[in-house]
Amino acid sequence: MSSKLQNITVLGATGSIGVSTLDVIRRHPDRYRAFALCAHSQVDKLFEQCVEFRPRFAVLRDASLAATLSERCRSVGLDTEVRYGVEALIELSSLPEVDAVMAAIVGAAGLEPTLAAARAGKKVMLANKEVLVMAGELFMHAVREYGATLLPVDSEHNAIFQSLPADFARGLESCGVQKILLTASGGPFRNSPLADLANVTPEQACAHPNWVMGRKISVDSATMMNKGLEVIEAHWLFAAPPDMIQVVVHPQSVIHSAVQYADGSVLAQLGNPDMRTPIAYAMAWPERIAAGVEPLDLFKIARLDFSAPDFERFRCLQLAYDVLREGGTAPAILNAANEVAVAAFLDGHLPFLGIALLNEAVLQAMPAGPEGSLADVLAADAEARHLAGQLIRQQRFA
């Protein structure tokens, strides 16, 4: 066990991954310190976290929110320095004092600080899949060039990481890997009549059967866009060609993913659906620590079911495979369109089935370019968001 206290910057501290990360830190105060806590706009929740964990820094979206938090911290004698904006996120992901960064900001907003952490050679615990979806080539190049340690936190990719040999970077085929089996619950609508999907409400879409998640990722799970993004993420994390990544619908969410080998073996990681398990694994790797998760009781499982995904029902999953094969900025365009589509659905401005239709319309209208630089990626992201917003305002899919 390492005797050095690890300073951790938590990007997305008030979200579900951030809260679970802080729970693991709470259980191991002799190993980890919450050095910087970064959130979007939840002042009350971030203040409570600052009181408990006493970070050196806290970050919020804008100056007004930061001023409110700063005043509240001073009123209780906290010396936490409160900052705001993207530049603060970038700085607190790359300071020399920082040992590890939990990258858990949802969506494209997490790209720049997570890339900064990689370029600073940090241990990057990656929960933000959009970083690899938008800029996989740039990000993986930074990880290699600057000697960062990259550990996946998504339960599926963490399971794959655990099921691969330690030297998988020399090439999956060289390691005897035939397939990466990426499991998916199928979301709340996997068995719903197709006619019923036209009337799905945000509340129904956010009611995931197995996992406790934020609203955006819950909707992505319901459309299986989440799994599509994870296919792209797996491609970059493990240098796996698209045809090597097979999505398997597994409603119980007990097998978190698996790897099929040339000798007929299939190695899988099993566990109760609790994000503290992959978080604790990433934090302590290559060691293992208690995560507060109830052990899996094999006698209570009773059965495990598996099926192939329905690409007609889950059009977003097919779109993800399509943009992965196309390459360049196509994945960034899909991600941007989807973020706008999901936000519109949650706000009542787009029907559930309109999410996939809008994503496809943006991809058809906007040609992909090369992923040459961060500026290219951000420009494609901005253009796709603008186009998606226009289509929604025109009520093309109402």
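Cβ atoms here come from the backbone N, Cα and C positions, even for glycine.
Quick caveat, the model's predicted, so the values are computed rather than measured.
The feature NADPH binding site is assigned by Swiss-Prot to T14, G15, S16, I17, Q42, N128, E130, G214, with sequence analysis given as support. Per Swiss-Prot, 1-deoxy-D-xylulose 5-phosphate binding site is recorded for K129, S155, E156, S185, H208, S221, N226, K227, E230. Feature annotation from Swiss-Prot assigns Mn(2+) binding site to D154, E156, E230; the stated evidence is sequence analysis.
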Checklist line | For E230 (1-deoxy-D-xylulose 5-phosphate binding site): DSSP state (helix, strand, coil) | finding: helix
Next item on the list: For K129 (1-deoxy-D-xylulose 5-phosphate binding site), just count the other CB atoms lying within 10 A of its CB, please.
Entry: 28
Notebook entry, point to check: Taking the Cβ of T14 (NADPH binding site) as centre, how many other Cβ atoms lie within 10 Å?
Noted result: 22
Item checked: Three-state secondary structure, E156 (1-deoxy-D-xylulose 5-phosphate binding site) (per DSSP) -> helix
Check: For the NADPH binding residues given in the record (T14, G15, S16, I17, Q42, N128, E130, G214), what is the largest pairwise C-alpha separation in angstrom?
Finding: 22
Checklist line | N128 (NADPH binding site) to N226 (1-deoxy-D-xylulose 5-phosphate binding site) - Cα separation in whole Å | finding: 11
Item checked: Reduced DSSP assignment, I17 (NADPH binding site) -> helix
Note to self: On a C-alpha basis, identify the one among T14, E130, G214 that is nearest to E156 (1-deoxy-D-xylulose 5-phosphate binding site); the candidates are the binding-site residues.
What the structure shows: E130
Notebook entry, point to check: C-alpha of G214 (NADPH binding site) to C-alpha of N226 (1-deoxy-D-xylulose 5-phosphate binding site): distance in Å?
Noted result: 12
Check: Counting every protein chain present, what is the number of Cβ atoms, excluding its own, within 10 Å of the Cβ of S16 (NADPH binding site)?
Finding: 18
Note to self: Would you identify which of the binding-site residues Q42, N128 has the most other C-beta atoms lying within 10 angstroms of its C-beta?
What the structure shows: N128
Checklist line | Neighbouring binding-site residues, C-alpha within 10 angstroms of E230 (1-deoxy-D-xylulose 5-phosphate binding site) - of T14, G15, I17, Q42 | finding: none
Notebook entry, point to check: Can you tell me how far the Cα of N226 (1-deoxy-D-xylulose 5-phosphate binding site) sits from the Cα of S16 (NADPH binding site), in Å?
Noted result: 16
